[in-house]
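These come from Swiss-Prot:
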SIGNAL    1-25  signal peptide
CARBOHYD  36  N-linked glycosylation site
CARBOHYD  51  N-linked glycosylation site
CARBOHYD  74  N-linked glycosylation site
CARBOHYD  152  N-linked glycosylation site
CARBOHYD  171  N-linked glycosylation site
CARBOHYD  260  N-linked glycosylation site
CARBOHYD  359  N-linked glycosylation site
CARBOHYD  440  N-linked glycosylation site
CARBOHYD  493  N-linked glycosylation site
CARBOHYD  610  N-linked glycosylation site
């Protein structure tokens, strides 16, 4: 158990005692009869490659710019070692997708180790696991090749291996190595690949698509970093929306996320210029997203491109017959995902290593089509995609990318959902508390993105406001089916959006859990299947609540959006004991970051007297009482 920190002179011990003190204040009485059903997949994740959350983040490949991808290749992250220079070679393509390779020019009088280094994504996290590296090589050479992980400033070696390899000038050949490592104290580590300079003197060698992986989550090939995957698994989310987000849209039709260019061997994926200022390798592609869902037990929510690029980029929005090739492309993607091996695209999936179809039940058509000039044409575009997809796959749940009526068909198709996004101030989120009370119950809602914004790090005021917003939609989780905080992940060294749920650097174990992360974890891990009626002698504000049950277990979620302690009595007939989890700080501006961890949850066991729990909730607090 971690106690509260930095609480304006109130000791952690006295505060914890105050949580279970006898007090008389707001009375909450939970009905054990009846109730409304609550969505079993209410809490989950929205992911797109922003803030280097994919490349350089949860995706396990650690080398930056591994294949010199793109129409303007460069040597970012690469440097030469020893008596040699490196250059981009566009005349020695590895594949049609990787048209440029690194040419290593070795001096005539070279001796010792010569080769190249890669600095990773602002470092390489060497965690002490077994590492694996692969690379393609072309050129006349027969001799030793050494792969090392070495301190950038210290020269300390954290792992190495040497193999003997023979290559020719005619074709690329692939080499692969595995080697043990010792844990590095930080991320200031270089990947180094060298050959014997005395053997290769005066020659040149080409290297193509180099990779470096440590241990991956559940040992999945081309998989996720376990440190970040474990943090997500701790949240016990239920779904994953991918691949975006703005990064699905792209800046034009040509620049959109193309599913068929994210599958197969890494060196057959050209990558693309992402919409968040950096190139995406697409090593984290369609297969990897579905394996992510399998390995973390998540329901996949697939976003598909719908004829609209970010801010009406290129010649978008497309309408009428211009949509036909893109509708066909989505149908091909769905056949790839859902078709058996007798179908053209199902057979292609099997050839790429996935024999059985994936379990896809939900598809979202577009992203935020209410913005950037997309609204006026969205009803037409949504209908065109909906009709084609529904005709081919009538069991799929199809989700519109907005909930704004002006952008939607006059009558939504039966069974379709809408997507509601809300980035706001703390007061703005609290003001949305009862928004979902008055929804049309015939159209289910997906809250695809929400959070407090316009701040560097989530703080207590914002996180409590998010909890109020979450209590509001959980009270209505008969119609609000799913909700996801966004953005999810943030490499501290390269950030395009703040605040974010989880921060990290490349130092092993350097993961920063925000106050908002703990709110998400507390709410997601304590879920009932039925929302219970709660009667009170007080109105909502500054205290907010929702109660649910699953069998004999009851969950009361509370948020105190104010500077005063709230004394509570919570009555749940038939219960006798409970676990009280509280996240609080008397300073509404308190936050966790890469330099400080001020606020973490505290847990205590509480006893009921005749089914009634009595405790106090501190200022700026979020709490969950799990009782049985």
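Backbone N, Cα and C atoms are what each Cβ position is placed from, and that goes for glycine too.
A distance of 15 Å separates the Cα atom of residue 440 (N-linked glycosylation site) from that of residue 36 (N-linked glycosylation site). The CA atom of residue 171 (N-linked glycosylation site) is located 79 Å away from the CA atom of residue 610 (N-linked glycosylation site). You'll find the Cα of residue 74 (N-linked glycosylation site) roughly 71 Å from the Cα of residue 610 (N-linked glycosylation site). Secondary structure from DSSP puts residue 36 (N-linked glycosylation site) in a beta strand. Note on residue 171 (N-linked glycosylation site): other Cβ atoms within 10 Å of its Cβ, all shown chains, come to 8. Each of the glycosylation sites 74, 260, 440, 610 was scored by other CB atoms within 10 A of its CB, and the lowest score goes to 610. Distance noted between the C-alpha atoms of residue 359 (N-linked glycosylation site) and residue 260 (N-linked glycosylation site) is 19 Å. In the three-state DSSP reading, residue 171 (N-linked glycosylation site) counts as coil. Here residue 51 (N-linked glycosylation site) is positioned 24 angstrom away from residue 260 (N-linked glycosylation site), judged by their C-alpha atoms.
Nearest to residue 610 (N-linked glycosylation site) in space, judged by Cα atoms and limited to the glycosylation sites 36, 51, 152, 493, is 36. Under DSSP, residue 260 (N-linked glycosylation site) is assigned to a helix (H, G or I) in the three-state scheme. Under DSSP, residue 152 (N-linked glycosylation site) is assigned to coil, being neither helix nor strand in the three-state scheme.
Residue 493 (N-linked glycosylation site) falls within neither a helix nor a strand when secondary structure is assigned with DSSP, and so counts as coil. The subset of glycosylation sites (36, 152, 493) lying with their Cα within 10 Å of the Cα of residue 51 (N-linked glycosylation site) consists of 493, given in sequence order.
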